[in-house]
Amino acid sequence: MAKEVFMPKLSSTMETGTILQWMKNEGDPVEMGEPVFEVMSDKINIEVEAYEEGFMLKKYYNVDDVVPVNTVVGYIGEKEENVPDTPPESTEDSESDAASEPEQNEPAAHGTESSSVRQVERGQIRATPAARRVAREEEVSLSDVTGSGPKQRVQQQDVRDFLQNAPKPPKATPLARKWAEDQNVDLNTVEGSGPVNKIYTKDLSAAQEETVSSEPDRIPVKGVRKVVADRMAESASTVPHVTLNSDVDMTEAIRLRSQIQDKVVEQTGSKLSYTEIIMKAVAAALKRHPSINASLSSDQQEILLHRDINIGLAVATEQGLVVPVVPSAGEKGLTALVKESKQLAADARNQQLNPQQMQGGTFTISNLGMYAVDGFTPIINQPEAAILGVGQMKETPTARNGNVELRPLTTFSLSFDHRIVDGAPAAAFLTELKQMLEAPYELLM
Amino acid sequence: MHNYDIIIIGSGPGGYTAALRAANEGKKTAVVEDRKIGGTCLHRGCIPSKTMLQHAEVLHQVEGSAAWGIETGDVSFSYTAMLERKEKVVSQLEAGITALMKKGKIDVFPGRGSVNNEKEVTVEKEGQTERLQAPAVIAAAGTSPFVPPVSGLRETAHFTSDTIFEKRELPSSLLIVGGGIVGVEYACLFAGLHVDVTIVEMQEDILTGEDKDASALLRRSLEKQGVTVETGAALHDVQTKKQKAVTVVYTRKDGSREEIDVDDVLVTAGRKPNNAVLEDTSVQYVDGFVRVNENMETSVTGLYTIGDLAAGGWKLAHAASAEGITAVEHACGLKPSIHKSLIPRCIYTFPEIAAVGMTEEEVQQRGYDYKTELIPLQGNGKAMAMEVSDGFTKIIVEKKHGEILGAVLAGPHVTEMIGEPAAYIHLEGTVDELASMVHPHPTLLESLYEAARSWIGKGIHH
């Protein structure tokens, strides 16, 4: 009988997963342990492996589809077996099973008993179901076990051998664990001074003093870092970028901000920042320049002119760059923009964004104005057509009506994808944006 | 010459603890004591004052209990009977320590001890001398009350914490010189027994060095109890002019001059080290206290100093005990079994104040990125049941890892509760663990849990 392939629940907070790629097409033979598809959660990318041998009978979702956890995404079974044309409703049972399953460090078998797949951390652990069961029961991380089976697959006996030989994990105080994680100290290398060699923070500083070396710190490229790395490399190498710079006189924008600041604070509890004024102006300018609010279709055969104006905001977090999206920014007033962008930025910094909040962007703003940066060449957030970089506001001597005056200028840098749009329309958009910000009262109308 | 493994001069909480620990290691141990076994803590400090404070607290509760429907008729008390009970408590504890010494086969030499660089100890009693020697000697001679050089004070009859309970009648008015820990405790005790108390403190605040929120709360509370608190004040003159009254002249903070007559004067203006014990040695001093290393060893190998005599560290009974254990274990070549760096601080006032770890001022000075959370006891169910209005729980937490840097509790019996935040700091639990631990209801200690939850942004009631 055909077995379901489920969208795995990889963490207690995960509600949906995004399919990054299918490794198998419908009709392809599938061996046990082979990766079937790759999924991205808000935290991690995981390859999902087949639990069964057979053929890929059905795939219900495409790449980039966002699928709720424990949803059937496909079937593996015998050739010619019948499977439903549409994904079956996930049953109450499977939901409650998954929900009651404790979160585990080790991505072990999740989902229901009949699930035909298991998840494997990208390109790593291959293990037999029996090995996984023992590992789960004994709380062993499979990544620590050397597999003796074919393709280094971990067998049950490997886990048992590991348990016999493994040194007990080091005992450490909660504070010492946080320090170690923060400072990238391997607790196994630290000698604890407490009872039963428990590690205290002072032991960490002693260990660090001992191991001062010229070796660089090594940080694995994974999670958000991996996503940023891949997307930036792809965009920079495939998209013909052109960057246009323009200095915008922010005098009137400053005045507007100070005049309505109190009202905004009263209504939203948050302060109006230039980012939101710029976002409002960008949305208005995009309305008049639809060719910029565009993207390239995935087969690169069509240009998509978007009706909605969904503006992404580049936010720096401890984990790396994320771009939450303010949907329908063109339809929203300043107070709504303030509320939403403040909330999104806070969620981003607290790692509480869900994947939907980072999707559907049609244009991105990257504001580095809080730093000593005048202008820069932002890299386009694919598949969007353009991105706006915003530099610092700086008192600059400016020629005005035959005199030199000090005016607060900000350099706006617009990078556009020359495959989608040409220089003239991009320049027209940037000019319009500049004019809007220099006479921003029309934004309020 | 009697030979020992370890000789300890002084049998206060530092000395007797060290002696018991040494005996426990099978060491031939001697203790030299020129007064009673138990030292200042047992006879002239912690235990007598806490027993008398207990009396004052119960009296206060009985007097206030009519509002709770408890009918007692007129309430009166006997100060003499209170003193007698205090003496009974002290003698019971003294008997207990003496029995423990006996059990540990510790020889007690009554007399005044002193030591030299060769670690020979001379014991003098009524003209007789005995000589003892050991490879390790621990000087635990403690401190004595310091009487500041104020005009007339040293010549006028006054009391210190050593002598205050020698007088068997309660004064009707009392001037306390110094608003430190000892001063405020006696102020609460005597105000509780209806004595008219005035505190004159030179510093800008009472309890300098302790948490500012706590000292402000205590000041309000003292004033509510009828105590006159004069801070930033200078004492000028103390004279016996009239029959049975002492006239005290001081300048208030605002510069105005005040002259008051009081029955008695109690001096709690700090303590001076009993350094005579080390006169024949070459130990080094820091600001009058003996310089020691982390093992409590002085610059003379094998000669240790613990407790109030030693420079650095808190001048508290339990600090002295911890230092005594440290010194003995070092002398025995053992790894220290106690961490003496974390010393809870307890002030037995109404309300009590207990603190552990760093104060907020210290945290600021050290440049920590921190956030505090202060939860008042008002609104706490147990506090309401107890009719407590003054008190709070405050935690000082480093932002990055949630490390608990300090905690301050103010309220009834909080000295019993400071152990919980102390345990968190000692075991390096962070604010996250504190916030995730279920606390019993209703208790005053729930406020600690509330503070932690509130700190992590997941407060239930706050």
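Yeah, the Cβs are placed from backbone N, Cα and C, and that goes for glycine too.
Annotations in TrEMBL come from automatic prediction, not curation.
What you are looking at is a predicted structure, and each value in this text was computed from that prediction instead of being measured.
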From B:G96, B:G104, B:G270, grab the residue that TrEMBL records in the same NAD(+) site as B:G178, B:G179, B:G180, B:I181, B:V182, B:G183, B:V184, B:E185, B:E201. B:G270
Regarding the disulphide bond with B:C46, report which of B:C41, B:C188 TrEMBL records as its partner. B:C41
Candidates B:C41, B:C46, B:G113, B:D308 (recorded positions); nearest Cα to B:V182 (NAD(+) binding site) turns out to be B:C46
Taking DSSP as the reference, which of helix, strand or coil describes B:G113 (FAD binding site)? strand
Work out, from DSSP, the number of helix, strand and coil residues along the domain 'Pyridine nucleotide-disulphide oxidoreductase dimerisation' (B:343-451). 34 helix, 33 strand, 42 coil
Among the recorded positions listed here, B:K50, B:H441, which has the most company in the form of other Cβ atoms within 10 Å of its Cβ? B:K50
Restricting to the record's FAD-binding residues (B:K50, B:G113, B:D308), give me the longest CA-CA distance in Å as a whole number. 29
Per the record, NAD(+) is bound by B:G178, B:G179, B:G180, B:I181, B:V182, B:G183, B:V184, B:E185, B:E201, B:G270: how many Å separate the farthest pair of Cα atoms? 14
State the count of C-beta atoms found within 10 angstroms of the C-beta of B:E201 (NAD(+) binding site), not counting that atom itself. 25
How long is the line from the C-alpha of B:V184 (NAD(+) binding site) to the C-alpha of B:C41 (disulfide bond), rounded to the nearest angstrom? 17
